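Everything below concerns the one structure shown next.
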Amino acid sequence: MLIKSSSDIKESEITPESVYRDRRRFMGLALGAGALAAAPVAVAKPGFVTDSPVRQGPEWLSRRIAEAKASPDPVADELTPYEHVTSYNNFYEFGYDKSDPAKHSGSLKPHPWSVEIAGHAEKTGSVNLEDLLAKVTLQERVYRLRCVEAWSMVIPWVGFELGELLKQFKPTSRAKYVAFTTLMDKEQMPEQASRFSTIDWPYREGLRMDEAMHPLTILAVGLYGKVLPNQNGAPLRLVVPWKYGFKSIKSIVKIEFTEKEPATSWNVRAPNEYGFYANVNPNVDHPRWSQATERRLPSGLFSPNIIDTQMFNGYGDEVAQLYRGMDLRKQF
Amino acid sequence: MPVLWRRLLVFTLSLTPFALLVYRTATQQLGADPAKTIVLFTGEWTIYFLFTTLSVSPLVKLAKWRWLMVHRRMLGLFALFYALCHVAAYLTFILGLDLSRFFSEMVKRPYITAGMPAVLILIALGVTSTKGMMRRLGKNWVKLHRLVYLALALGWVHVLWQVRSSYFEAVIYGLITLTLLGMRIYWFCKRRSAHSKA
């Protein structure tokens, strides 16, 4: 008698993508119907282009992402189509045009990947991505992304709460901030070798501890139910939906608990234009343009999709209390 | 090659970027933000045509390409054409023809303030580019058309002011602008010293 071991699964027995997507949609519909909600539950739509420049991640990661729980709260905003989310990017390590990251990020090798944990915590050291993801719950989160350049998208991320991860390293009482660093490698990220760049590589970002521990703050490993494409910050990126997009640092190799406010790339580059907090705020303009409105992408030619920008990108109910007593005009 | 054929060739080549843009728009190849793509594309080609137009007289002088001179007007008019496309695309596709927003944007975004007079100069030069106008304006025509140097300098400021993450384009454009304008200044000084010696 042949006894099949658990690892001995035939390829044909693995649930095909179309089936799990249908199942997920069905479950979404059932949930929606159960809640008697008129609006459909916003789960990633199955109808994306299959020949888009997505690069296959390792099997274990695809499986984890496929198993992620659907977004708990329906978002009224319409999702930005997959092909736009993955072809219109600011990732200056691969070029300065919005289409450059999709074209040139093939040189990035996101697997295998490890992240260094450093600073004021009981557990520090290097963790590989698989171990790091083993102890967290992956879920889908549909978030608005507001770029400081006054355009925005709506993206179904797959990720986990940053706080859930940070707690595991047992940060000490001296940990007041969390600093993040992107990979520094001129071979994999060719623009880091450019003499004309205004940014001092590697890219750095940071959050105050309470911002980092906020349940809305996630680290993403996928989008639209797929492994995160290189141009979107593979294999691990931050997503802080109430802050301008540049805070959501990509391809993270280091997480450090610090006592002082860490230096962040855009703030160092132009402190009068980009603050450390960088909360989405329609009342504080960028010195060179207005932040009162945004163009939601994709934007049509004869009907520019211009909408009013919301305070904290519409997440004020959840996050406004973090900034009570602060003058957001000064600490922008 | 007869002049007429050459003219036709210059015209076709100059219109090619525009045709390409129309094709890409029609086939929806402009990405998530087609408005911005069109505005950037037409703006870049305005600068390229200004560079080309201002390279004509140095090439005639230094490389003795005298045959090029007859094409200068058309090249200049194409700079105007792409500049007008640039402004029209900005007004329709970005602002949705909301003119009240145009004025607030002009105040808010200084690089637009720098670009506007450049376009006005190009319009004035385009209007006065005919043979009849040349005759009527006489010596003043040359003086008026020297404003193209100012238009180019303003165009460069317009680009420089928008730099966010890389100086590459702004530096390259700046080098070309300085070379083209520098040659004029050099020749101007040489002419003056030659005059004063005589």
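In case you wondered, yes, glycine gets a Cβ from its N, Cα and C as well.
Since the structure is predicted, the reported quantities are computational estimates derived from the model, not experimental observations.
Taken from TrEMBL, the feature Mo-molybdopterin binding site applies to A:ASN89, A:TYR92, A:GLU93, A:CYS147, A:THR182, A:ASN232, A:ARG237, A:SER248, A:ILE249, A:LYS250. On its own chain, A:THR182 (Mo-molybdopterin binding site) has A:GLU93, A:PRO202, A:TYR203, A:ARG204, A:ILE249, A:LYS250, A:SER251, A:ILE252, A:VAL253 as residues at least 6 apart in sequence with a Cβ closer than 8 Å to its own Cβ.
According to TrEMBL, the feature domain 'Oxidoreductase molybdopterin-binding' maps to A:109-266.
Applying an under-8 Å Cβ distance to chain B, the binding-site residues A:ASN89, A:GLU93, A:THR182, A:ARG237, A:ILE249 reduce to an empty list. Taking a C-beta cut-off of under 8 Å and a sequence gap of six or more, A:ARG237 (Mo-molybdopterin binding site) has these contacts in its own chain: A:LEU219, A:ALA220, A:LEU228, A:SER248, A:ILE249, A:LYS250, A:SER251, A:ILE252. One residue stands out among the binding-site residues A:ASN89, A:GLU93, A:ILE249 for having the most other Cβ atoms within 10 Å of its Cβ: A:GLU93. In the three-state DSSP reading, A:THR182 (Mo-molybdopterin binding site) counts as strand. Under the three-state DSSP scheme, A:ILE249 (Mo-molybdopterin binding site) falls in the coil class. Maximum intra-site Cα distance, Mo-molybdopterin binding residues A:ASN89, A:TYR92, A:GLU93, A:CYS147, A:THR182, A:ASN232, A:ARG237, A:SER248, A:ILE249, A:LYS250: 19 Å.
Secondary structure at A:ASN89 (Mo-molybdopterin binding site), as computed by DSSP, is coil.
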